């Protein structure tokens, strides 16, 4: 039943039919309801009257729009006449009258759910009177029975109502327009008296965290292992504290400093240090905080950020992960209309555009993906300095360990210099995590000091994962032992490889066994062809031991990770380092080497199919030569390998010194290295 009919029924159901004594039917008496009492406004309503027009429009637009939309009025339907619907009859009694032939005429309303029938009632004073019957729909049996009884019946269709149509139009169009008008009215006049960002609800406001006197708790003394970057930042601090010292000779303050480096190398830590040392207002935010779902928000937030920064100049603005907003234009799906590109254009203008100037605002940005940044963002005048914060070397790692170990109780036997040598490729964050894991492990074991054992176990856990359950004696354990000893022997007997630090059968992560090497003191940025080839030989040593000892049918999938790493290194030798018979060519596309998916898709290979086939052949030649060298090591030193496997099966962990002592009983390691180098040279020149 529609709301209209429902209200009608409620009103008329209580009106009885009366008959006058004179024999005529009396008119229905209607009682006029008393007028609604008007309650004077309370104190709360007077307070509501004092609300601003902004809140009033917002409440009206949202409340009325949503409320009326949720309760949309139904279409007006034809209803039973009011004067004939006051007498009701149940459906079952109506059927009894119909079976008795006392029903003369039936009119159906409201899609067959209500019927007004003329009934011949002998018991009533008026033999024929009209009653209202509520029907359960319009059953087919009822229609058939009406036809059989010869009853005259008719259905009254829905009649449109002008009032309801007007209300529908108001709900569909009026309130949304009122809501939009309220937004347009309040945005420029109420929130933007200064002519700044004019987006509603503060969407155009920058989310940068502002600190007038930054108290980050970090100084340059807390930053270790990045001396070159510290020196550049200390100059920035001098620029901000004593600008007259540099302006006297015509120098200007650098507008921007871009920190580039892998994750965890201390870029954000450097920004915290300069904020704590400079003593000037500091704004900090992430590159992702510029972009929202609304168009124009990013550019508006950039304008607001620099307006606030210029008002507080001299000051620092730190944008972390700037690649979220500063990536190369034209690479996105949206092209030049992309919201990110509009934000970047506004950032370029604010830093050094027609409206930009030397306002004493220094922008510091950090990213670990400099290859995807827009070229216009990297030019001098915007980011005058580009500081590389790379992975620390041995000395840098030792300095970082000293900083993070200052508040920890270390055993006198712990040498941080040795720990630094054992952690090549560790970033500052990795080293901090290492010292924390060692402290947790010492507390778990009930020790009051961190010993070498906790340091070693923490390194293994960070690099390889959690320690698993030891394998039971059997063929699988023996196969893993031969595999790991094969790695260690082939690496030790090949010139240019690092020394073995330990060999273990204790599972960690997905690995059933591990062989650790201790890097030398050479510069890791300068690696020779001999060292790379030795690494490939050592990587294939496990597979070679499986094939020589157990036969080719017994080779397992345990070397899958080794093969992936070996193939990747060999391909880089050919395409990036020019260490093959193809020649000293750079055959790798820089864009294809990056991590950005869009740039990799857009990068076009400039090599022919024949050159690609030559590259594959050169990679295969390098891997095949290294595999033959590894199998030769295993065949010539089978007795030493068998003894080493027996010791490893018994102890499960074999130290580097003990390993070399047992191997030296069977072979002259130095002589074997020289002979291997000579054979490798012959293969390379053949």
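Placed from the backbone N, Cα and C atoms, the Cβ positions cover glycine too.
Per Swiss-Prot, the feature compositional bias 'Polar residues' maps to 1-14. The region 'Disordered' annotation in Swiss-Prot covers 1-52. Here Swiss-Prot flags 1-75 as transit peptide, drawing on sequence analysis. Feature annotation from Swiss-Prot assigns compositional bias 'Low complexity' to 39-52. Annotation source Swiss-Prot lists transmembrane segment at 164-184. Sequence annotations record features per position, and here Swiss-Prot assigns ATP binding site to 261, 262, 263, 264, 265, 266, 267, 268 based on sequence analysis. Per Swiss-Prot, the feature Zn(2+) binding site maps to 483, 487, 562. If you look up Swiss-Prot, you'll see 484 marked as active site.
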Residues close to Zn(2+) site centre defined by 483, 487, 562, Cβ within 8 Å: 484, 486, 515, 539, 540, 541, 542, 543, 545, 558, 559
Cα-to-Cα gap, residue 487 (Zn(2+) binding site) vs residue 263 (ATP binding site), nearest whole Å: 30
Residues flanking the ATP site, with Cβ no more than 8 Å from the Cβ centroid of 261, 262, 263, 264, 265, 266, 267, 268 and excluding those residues themselves: 259, 366, 368, 389, 427, 428, 429
CB contacts for residue 264 (ATP binding site) [other CB atoms within 10 A, all chains]: 19
Listed binding-site residues (261, 262, 263, 266), ranked by Cβ neighbours within 10 Å, top entry: 266
Candidate with sparsest Cβ neighbourhood (10 Å radius) among 484, 562, the listed recorded positions: 562
Candidate nearest residue 562 (Zn(2+) binding site) in space, where candidates are the binding-site residues 262, 265, 268 and distance is Cα-Cα: 262
Distance, residue 484 (active site) to residue 266 (ATP binding site) (CA atoms, angstrom): 36
Length of the line joining the Cα atoms of residue 262 (ATP binding site) and the residue listed as 'active site', in Å: 31
Inter-residue C-alpha distance, residue 483 (Zn(2+) binding site) and residue 265 (ATP binding site) (nearest angstrom): 35
Cα-Cα distance linking residue 484 (active site) and residue 268 (ATP binding site), given in Å to the nearest integer: 40
Count of other CB atoms lying within 10 Å of the CB belonging to residue 267 (ATP binding site): 26
Rounded distance in angstrom between the Cα atoms of residue 484 (active site) and residue 264 (ATP binding site): 31
Conformational class of residue 268 (ATP binding site) under the three-state DSSP mapping: helix
